[in-house]
Amino acid sequence: MENRWQVMIVWQVDRMRINTWKSLVKYHMYVSKKANRWRYRHHYDSNHPKISSEVHIPLGDAELVVTTYWGLHTGEREWHLGQGVSIEWRLKKYRTQVDPGLADQLIHIYYFDCFSESAIRKALLGHRVSPRCEYQAGHTQVGSLQYLALTALIAPKKTKPPVPSVQKLVEDRWNKPQKTRGHRGSHTMSGQ
């Protein structure tokens with residue numbers, strides 16, 4: 001029987017960012033209790049030698065699993081010291097990988113207080129609404145005019161420490177795409 005390869009998307013992340021992610025997850029699991037249903041698996045609980053940790057986040061019947069890896073091949077830069085993160089959505093036997101933005105939205109739907117679009121209707125009907133969102137990473141679109149007016153009326157309160165964001169975990173701070181600048185007379189660089 002021949003070897004069968006399975007390809008996974010692993011986001012290269014520096015070690016300090018992974019440590020920050022782990023400490024934020026543990027803080028919200030054990031201290032603030034906002035993520036008390038989450039499960040943290042240490043490297044010694046896994047039988048895979050490259051897995052550093054796993055965070056299992058229940059989402060109704062499904063769960064989101066954020067796995068951190070170590071000992072991978074180094075990346076293009078010296079700070080990519082073989083560390084990585086994969087994000088997987090599981091429902092019974094079905095598994096698929098998701099991107100960090102979608103992972104943040106899924107976490108946002110199930111956890112943490114939110115001042116969302118439904119707050120507009122509740123406020124108009126005279127109901128009491130939660131004045132702020134604790135998980136700003138879950139909002140990717142620009143809100144409606146009424147939503148923006150309500151959020152401008154009530155200033156967001158910064159939570160310390162912040163809620164763990166998967167998108168912030170895999171964000172690449174150092175490798176921003178560089179803008180191409182040519183010489184003054186170069187038509188090939190400016191596209192003219």
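Placed from the backbone N, Cα and C atoms, the Cβ positions cover glycine too.
Range with Swiss-Prot annotation motif 'BC-box-like motif', chosen from 24-33, 144-153, is 144-153. Checking Swiss-Prot for region 'Interaction with host APOBEC3F' across the ranges 14-17, 50-53, 130-133 points to 14-17. Proximity of distant same-chain residues to the region 'Interaction with host APOBEC3F and APOBEC3G' (54-72), defined by a Cβ-Cβ separation under 8 Å and at least 6 residues beyond the stretch ends, is recorded for 10, 12-13, 18, 21-22, 25, 35, 37-41, 43, 45-46, 82-92, 98, 103, 106-107, 109-111, 166, 169. Across the region 'Interaction with host APOBEC3F and APOBEC3G' (54-72), the DSSP tally of helix, strand and coil residues reads 0 helix, 14 strand, 5 coil.
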